[in-house]
Amino acid sequence: MESVNKCGKSASTRNCTVKMSRKMWVLSLLALAALQLHSGSEVAAHLNVFLNPVEVMRLLGVSAEVYYVREGHINNYALNFIVPVPANVKDISFTWQSLAGRGLPYSINVVSSDQEVLPRPAINVSHSGEIPTTIQTWSIALKCSGLKAAEVDVTVSLEVVLNRSLNNVTHLVFRRKKICLMNDSAEDLSEDVDDPQLLETVMLPPTGLITLVVGVSVAMGSVCLLLMIAYCVKGAANKRQHHQHGGQPMRTSSFQRLNTHPPCQSSMGSAAYMTPSIIAPIHGSSLPRKVPVSVEQQHPEELHRRISELTVERCRVRLSSLLQEGTFGRVYRGTYNDTQDVLVKTVAQHASQMQVLLLLQEGMLLYGASHPGILSVLGVSIEDHTTPFVLYPALNNTRNLKQFLLDPACARTVTTIQIVMMASQLSMALDHLHSHGVVHKDIATRNCVIDDQLRVKLSDSSLSRDLFPSDYNCLGDSENRPVKWMSLEALQHKQFSEASDSWAFGVLMWELCTSAKQPYAEVDPFEMEHYLKDGYRLAQPFNCPDELFTIMAYCWALLPAERPTFAQLQSCLSEFYSQITRYV
C-alpha cells in the first residue's frame, strides 16, 4: 500500500466537522446545565431567546431547550457556534419572549452567502416589530434552488431595543450552515421528523424536558475553562444513572439512553440521557467507498504468496521474554538478525491446525500496509515440525495498548491531550486502510500497540480471542465475536463495513478514557442487540471532556450512513486537539 494524503479538506470533511461540532456543543451545554453562571453579557433581564425542544431535536438530536439569552444573560458560547442544517430540513425556527412587561422593538435581517444556491430566505414574521410578552416561535424558510450542491452560510441578525432613551440596544447574530443538494428543489417535501422514536421524544410532556441554563463566556481564561469543564464533567458523571424497566437506578452503570419518560426529579437534578441513533444525517457527503476486503476473503493462493514473500529463517529470530500467554497463543519480545527489536506471535505445540491457520490468516490482514500508524507484519517463519513465528517491528519498548492502559502506573500518567493524540493517530491509520478498501472488523485497544513515546499503532487481531477471552463472546453460533464492540448491523446480520469500524473506534476511544474498562460490563452479551436497538450507549467517562465524548458518541449512530468516516473523525479530533492545546 502507498501512504495516503489526508490533509485535504473536502466538502464532506467540512460537513463532518460542523456536524460533530454541533453535538460537542449540545453535550457541553448538558454538562454545564447545573451551574448558574453569570460571567456572560447581560441585557437587563428583559429577554429570552432560545431554541425549543422540537428545533433542538431536529438539528442537534437532543430533547432540550437551548437558550441564547435567558433572563437577560447572553450565552456567547452558543452564539459563536455555527449550527449545520441538514439537506432534509427546509426551515429553521427561533423562540422568543419579552420579560419587560411590554413589547420590545426589534429588527431582523437574514443574509444568504450564495443567492444562487439559497435565494431569498423568508421569515414568517415582520422584519421589524415588537417581541411579544408571550412565548412566540417564528421560522425562516431555507429552500435551496437545486442548481448545485453547496454549503451556504446563513446569518440571522437580531437587533433588540431595550431602552431607546439610553441607547440600550442588543445585537445578536445567529449562524447556520445550510446543506443544499443538486436537484433539491423548493417543492421537495420536508423530512424533518419522520422517525417514530424521534416523534415520541419530541412530543414529551413539558415536565420531561431538559432545560439548559448556560451563561458561559468563550473569553474565559484557560485555567478557569479547564477547571470548569473538569468540575462539570465530574458532577454530571456522578449523577448519571441508568433506569431499567422502571427499576432503581444502577449507580455503577457504564451505559445510558434517551429518557423518554418524565424524570422523577427536576431537570436540574436528573441524569442527562443521549441516543446518538436519532441524530439527523448530513446528506451532503458523497465520499466514494471501495469494496471492503477482510480475512475471510483471502484466497489460499494469496495467503501462500504473502507468506512466501515474508519468509525469514528461524535461526535469525531470538526470543528474549514472554509478554502475553493464553491457552495456546504466545507473544514474545525478541530480536531479528540480532539488531532489530521485534514482537513475535506464535502458538504452543498443542495448538490445532485451525488455530495455526487463523494466526497466519489474521496476521496477514495488514500485509503491505505502509503507514506510521499501522503495525504491519515484518516476517513469517514456517519450518517443519515447529510452530510458526509472525514477526512485527517493535521499537522503543512497544507493548500492547490494552495491557498498558490496565497498568495503573502507566494509565494514571496519561493526559487528555495524549488520549486525543492517540485517537488521532489511530484514526489516520484507519483512514489509510479504508482508502485501500480494507475493513479491520476488530478495532479495540487490545489490537493496538504503544511505545515509550506514547506513539500508537493499529495491529491485526491475531491471537486476540485467546489472549483476551473476556472481550469475545459466542452467541450460540460457534463463533467468538467482540460483541461489546460491534455495531447493530454487525451483530444482527454480520455486516461489516467502514461504518462498523467507525462504531468500534468509538468504543476504543471510550477505552482510552476509562483505562480499558470493559464496555457494557453490566449487559449480558445476548442482550446487546436489544440494548442497542433501545438506544442505550456507553456513558460519558468521568474524566472525559464533553467534546471528546461527543466524537465517540457520534460513532454510535444507529444507521451506518450517519456515522463519520475516519477522514472526518481525524478532522474533528485535530480541531479538538487545537482547542485544548491553545492555552497550554
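In case you wondered, yes, glycine gets a Cβ from its N, Cα and C as well.
The following features are taken from Swiss-Prot:
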ACT_SITE  D442  active site, proton acceptor
BINDING   L323, Q324, E325, G326, T327, F328, G329, R330, V331, K345  ATP binding site
DOMAIN    49-180  domain 'WIF'
DOMAIN    317-577  domain 'Protein kinase'
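This view paints the features noted in Swiss-Prot onto the structure.
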| residue | record | CB count, 10 Å |
| --- | --- | --- |
| L323 | ATP binding site | 19 |
| E325 | ATP binding site | 13 |
| T327 | ATP binding site | 13 |
| G329 | ATP binding site | 22 |
| V331 | ATP binding site | 21 |
| D442 | active site, proton acceptor | 25 |
Surrounding the recorded ATP site, with Cβ no more than 8 Å from the Cβ centroid of L323, Q324, E325, G326, T327, F328, G329, R330, V331, K345 and those residues left out, we find T346, V347, L463, D466, L467
Determine the mean pLDDT over the domain 'Protein kinase' (317-577), rounding to the nearest whole number. 93
At the Cα level, what's the spacing in Å between T327 (ATP binding site) and the residue listed as 'active site, proton acceptor', rounded? 20
Please spell out the DSSP helix, strand and coil residue counts for the domain 'WIF' (49-180). 12 helix, 72 strand, 48 coil
Nearest-integer angstrom distance between the alpha carbons (Cα) of L323 (ATP binding site) and D442 (active site, proton acceptor): 21
Please state how far apart, in Å and to a whole number, the two most distant Cα atoms are among L323, Q324, E325, G326, T327, F328, G329, R330, V331, K345, the recorded ATP-binding residues. 14
